[in-house]
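Chemist: Mind having a look at this structure? Questions to follow.
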Amino acid sequence: MGKFKFPSAYTILFFLIAIVAVLTWIIPAGQYHMAMNEALGKEVPVAGTYAHVEANPQGLISVLMAPIAGLYDPDSGQARAIDVALFILIIGGFLGIVTKTGAIDAGIERVTTRLRGREEWMIPILMALFAAGGTIYGMAEESLPFYTLLVPVMLAARFDPVVAASTVLLGAGIGTLGSTINPFATVIAANAAGIPFTNGITLRVVVLVIGWIICVTWVMRYARKVRKEPSLSIIADKQEENLAHFLGNKSEQALEFTPVRKIILVIFALTFAVMIYGVAVLGWWMAEISTVFLASAIIIGLIARMSEEELTSTFINGARDLLGVALIIGIARGIVVIMDKGMITHTILHYAEGMVTGLSTVAFINVMYWLEVVLSFLVPSSSGLAVLTMPIMAPLADFANVNRDLVVTAYQSASGIVNLITPTSAVVMGGLAIAHVPYVRYLKWVCAAAWDINSGNYGGIKSGGIVVICRMALPLSGLRNGVVSPVISRTEYRIMMDYEDFSPKEQLQLTVCQRLIAEKSYFSQEELRRDLQERGFETISQSTVSRLLNLLGVIKIRNAKGLKVYSLNPQLRPAPDAARTVSEMVVSVEHNREFILIHTVAGYGRAVARVLDYHQLPGNFRRGGRKQYRLGRSSDGEACRSGA
């Protein structure tokens, strides 16, 4: 039996399409109600509106048509990934013409000569530039031309194509992971979450810097190893093939760096500069930047004095070299097409919504992060994932006392880490195809780096990754100094007021109102007012009821029947202020069989006692050095407090 050989990228993607098609027969079809978000200019799902719809399972014909449907919608004729595929072909023709002039080879020789002995320092510089592109405007498909440019440079510097591919892919990818002002990730997600995109920017900068350091260290270490011993390359068996393909047209003699070649390289550089400016500032996309590269190809051909026949044949040959990349992009997009046609995308999102609903604060952010990781495999577009998930996840974060900016950061970190490895990404599969790096080998190599980024543990750095970084703002699970209180860590309701600021009558109104809402579903304030009247508050007005609801932080949620009711549900609305009060104000805890003695920061004993009283904890608690609060039970079982 022959040695097992991993399938090609095309086979892997077709296999994934088939798996997703099978899932459309298993996962129930469903759909959220979609509403137009004026700020985004797109329709977004409305939380709590998911409903089952008629199933539309995908069969063999759909699987075979998926790559075509990935390029454009056969029903409406609307473009999907065909603009990216055409861009790739035009890039191939453009680079074919530039390469034919010898300008790139002459420039590479000049660069490698001047950097002799310092070639590895190209890696952090270039990765910083690509990371800047990622964090500022989400550099993705527009990074593909740089693969063809960098592979010959890295080979000439005695590295391998993996170094070139990872410099671009990890550089731009880590920038997108740590997006700060990226309009296609951070801004869209923040708008969908209903917060300013500047919220949480400090944390995202920390993620960006740590991720960049890890990636640069990883790539430079590999580059040094390969340069010292080429046989250690993960594609060592393809070394001769790659040298022949990327550097095969180089002559033994050094190419002359003529004025014409200098002009061509200037135009070459300006083309990329115009592309970046157009995308980042002018809002260009594939049609506009494809036009720029097509125009530059013609101009460079004319400057090089190519004949009409030579120019067109060179352009076509260059496009032919990247035809496989263009096909991969269509196949990768076909996976998403099958999911959408099978109506299971929203069902998966609904399952995710159910998994995070009612979780504690720490559990919510961790589970949500890993859910976003899974969803990122299915929806590799960062903007598409933001529009799909943020309208659902952001409101749920409020119930778990997670700041919405942490939800945005967790989303873009999950999307960023997955888009370094996922085969459903046109950038990953296209870039690797250009660099002639097999996907499976790259996956093995980069997963170690991805693990380091995710865990934040490399070269003495231990940040805990995005999941642990996000925990900086989360409440603790008990008291300090190792004394854990399971009651305090599972607080039931949000504390919105200082009870001592209210009269005894108001305190009683608040308590009774809170208990009524916890025990019964109320659809209107009038229903609640009638029940309060039956409890003895005969003269209570609707304006007073409205004030009580506001003070208690009551919200409206949809019940199991889809109807909106008032809620102080402990599973949906934990009490972060209580946990935060205990964690920040308690200095130490002592206890024996009879007493628990809690030492607080000077002046904060009353606040801690109020939290404990609020949760009706029986026991003895000392405030500061003067007062002791005794909590016990009255004859009717109610908690009561006395101060001494």
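Any Cβ shown, glycine's included, is placed from N, Cα and C.
The compositional bias 'Basic and acidic residues' annotation in TrEMBL covers 633-644. Annotation source TrEMBL lists domain 'Arginine repressor DNA-binding' at 512-571. Taken from TrEMBL, the feature region 'Disordered' covers 625-644. Among the features that TrEMBL reports, transmembrane segment is placed at 7-27, 81-100, 121-140, 177-195, 201-220, 263-285, 291-307, 319-339, 351-371, 378-397, 417-435.
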Chemist: List, by number or range, the same-chain residues at least 6 past the transmembrane segment (319-339) whose CB is under 8 A from its CB atoms?
Modeler: 9-10, 13-14, 16-17, 20-21, 24, 58, 62-63, 66-71, 80-82, 84-86, 88-93, 96, 144, 148, 345, 378-380, 423-426, 429-430, 433-434
Chemist: Is it true that the transmembrane segment (417-435) and the transmembrane segment (7-27) have 3 or more Cβ pairs under 8 Å, skipping pairs fewer than 6 apart in sequence?
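Modeler: Contact between the transmembrane segment (7-27) and the transmembrane segment (417-435): present, because at least 3 Cβ pairs are under 8 Å.
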Chemist: May I ask which of the stretches 177-195, 291-307, 378-397 has the most CB pairs under 8 A with the transmembrane segment (81-100)?
Modeler: 291-307
Chemist: Do any residues of this chain, six or more beyond the ends of the transmembrane segment (378-397), have a C-beta under 8 angstroms from a C-beta of it, and if so which?
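Modeler: That would be 32, 37, 40, 42, 44-47, 138, 140, 176, 179, 182, 184-185, 188-189, 192-195, 332, 335-336, 339, 345, 348-349, 352-353, 356-357, 364, 368, 372, 403-404, 406-408, 411-412, 415-416, 418-419, 422, 424-426.
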Chemist: Using DSSP, what is the helix/strand/coil residue split across the domain 'Arginine repressor DNA-binding' (512-571)?
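Modeler: Tallied per class, the domain 'Arginine repressor DNA-binding' (512-571) gives 29 helix, 8 strand, 23 coil.
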Chemist: Report, as numbers and ranges, every residue of the chain located at least six residues beyond the transmembrane segment (291-307) whose Cβ falls under 8 Å of a Cβ in that stretch; write 'none' if there are none.
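Modeler: Non-local partners: 87, 90-91, 93-94, 97-98, 100-101, 145, 260, 263-264, 267-268, 270-271, 274-275, 278, 314-315.
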Chemist: Given a Cβ distance threshold of under 8 angstroms, which distant residues of the chain, six or more beyond its ends, lie next to the transmembrane segment (263-285)?
Modeler: 83, 94, 98, 101, 103-104, 107, 133, 136-137, 142, 145-146, 292-293, 296, 299-300, 303-304
Chemist: Report the mean pLDDT of the predicted model across the domain 'Arginine repressor DNA-binding' (512-571), rounded to a whole number.
Modeler: 77
Chemist: Which bits of the chain, at least 6 residues beyond where the transmembrane segment (177-195) starts or stops, bring a Cβ under 8 A of a Cβ in it?
Modeler: 37, 39-40, 44, 131, 134-138, 201, 204-205, 207-209, 211-212, 382-383, 386-387, 390-391, 393-394, 404-405, 407-408, 411-413, 415-417, 419-420, 453
